[in-house]
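Participant: Following this message is one structure expressed as structure tokens.
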Amino acid sequence: MVVVPLFLLVLQLAGAASAAALPLVINTWAFRKAAETAWRVLQLGGSELDAVERGCGQCEIDQCDGSVGYGGSPDESGETTLDAMIMDGNTMEVGAVADLRRVKNAIGVARKVIEYTKHTLLVGESASLFAVRMGFPYEDLTTQKSLSMYSEWLNQSCQPNYWKNVVPDSSKSCGPYKRPEKVNCEEQIISQRSVQNHDTIGMVIVGEKGTVASGTSTNGAIHKIPGRVGDSPIAGAGSYADSTAGGAAATGDGDIMMRFLPSYQAVEYMRMGTDPAIACQKVISRIQKYVPKFFGAVICANTTGSYGAACNKIPGFTQFRFMVSSPLLSQPTEQVVDCI
């Protein structure tokens, strides 16, 4: 007879919060190396912010699923740009960059925004200039893969894209577009995001004493309109950390998700004593009322080390995978939750 440890049985309950244990690392998607790196930083005495920076930075190096870091998700002009944020739940400080160009370590630059400025968010070419001042090298974010993706998209008449209510018809041509004399406000745009085109690593760290940090990194929506910024670098949208309550991070269709500040909302639910798994579910349900077919998921953790996740069920996306590291696990472990 095989005896299964109780904690493994607990982990198999999709959507259920874990038995509490600290420290805790939880991150979106099955990005194992990111989880391993963050956990190793904690074990070597690094801070929660250190772990977030190094964990998300690992995904930037690995180009996780082509949706994080250089060489992925070219925009309409064929350029890869990066968004990232990091948040200190002790001080409530946030550092973020958006539309970052020619600098690979976006989460590292975001950390420098906290450390060396009184600002929260830097964007575009100015963010790149700031990065260089902080010692980051200029590097080409384009690869042969991203060039091929861009070329293929052009050959498909720039389909899909993110324009609507323009002329010429954005569903048939590459433009350039302009607004028509009469706008058809009834046009419905279906989200181009899917489980094959997710866009973020989000990570929450809870230290041994219950202190919380969070962060995100992404190269954004593929074929996005240049200048577009999604939820990832926005505090309360992409992630949120508060050492008096917990932390959360979101992934999915950032143009939808950011309108609801899901990470902030999840932390506030946990502040009221809501179980992390339930807090995540409540956030997803709130968005469902307005956008039933959105693509998205949220991870949540409170200050005692309990955690959970939730996702919106749509065709092709019925389960959400995420990584967890804690003293109850012999190694970083992939977990699965059924979407609601």
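Keep in mind that glycine also has a Cβ here, set from the backbone N, Cα and C atoms.
What TrEMBL shows for this protein is this:
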- Thr200: active site, nucleophile (ACT_SITE)
- Arg228, Val229, Gly230, Asp231, Thr251, Gly252, Asp253, Gly254: substrate binding site (BINDING)
- 1-19: signal peptide (SIGNAL)
Participant: Quick one: pull the CA-CA distance for Val229 (substrate binding site) versus Thr200 (active site, nucleophile), whole Å only.
Facilitator: 13
Participant: Do you know offhand how many angstrom separate Asp231 (substrate binding site) and the residue listed as 'active site, nucleophile' by C-alpha?
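Facilitator: The Cα atom of Asp231 (substrate binding site) is 9 Å away from the Cα atom of the residue listed as 'active site, nucleophile'.
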Participant: For Asp231 (substrate binding site), list the number of other Cβ atoms lying within 10 Å of its Cβ atom.
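Facilitator: Summing over all protein chains shown, Asp231 (substrate binding site) has 33 other Cβ atoms within 10 Å.
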Participant: Which of these binding-site residues is closest to Thr200 (active site, nucleophile) if you go by CA atoms: Arg228, Gly230, Thr251, Asp253?
Facilitator: Thr251
Participant: Where among the binding-site residues Gly230, Gly252, Gly254 do you find the Cβ with the fewest other Cβ atoms within 10 Å?
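Facilitator: Taking Gly230, Gly252, Gly254 as the binding-site residues, the minimal 10 Å Cβ count falls on Gly230.
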Participant: Taking the residues Arg228, Val229, Gly230, Asp231, Thr251, Gly252, Asp253, Gly254, which the record names as binding substrate, find the longest CA to CA distance and state it in Å to the nearest whole number.
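Facilitator: Across Arg228, Val229, Gly230, Asp231, Thr251, Gly252, Asp253, Gly254, the widest Cα separation comes out at 16 Å.
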Participant: For Arg228 (substrate binding site), what is the tally of other C-beta atoms lying within 10 angstroms of its C-beta?
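Facilitator: By my count, 18.
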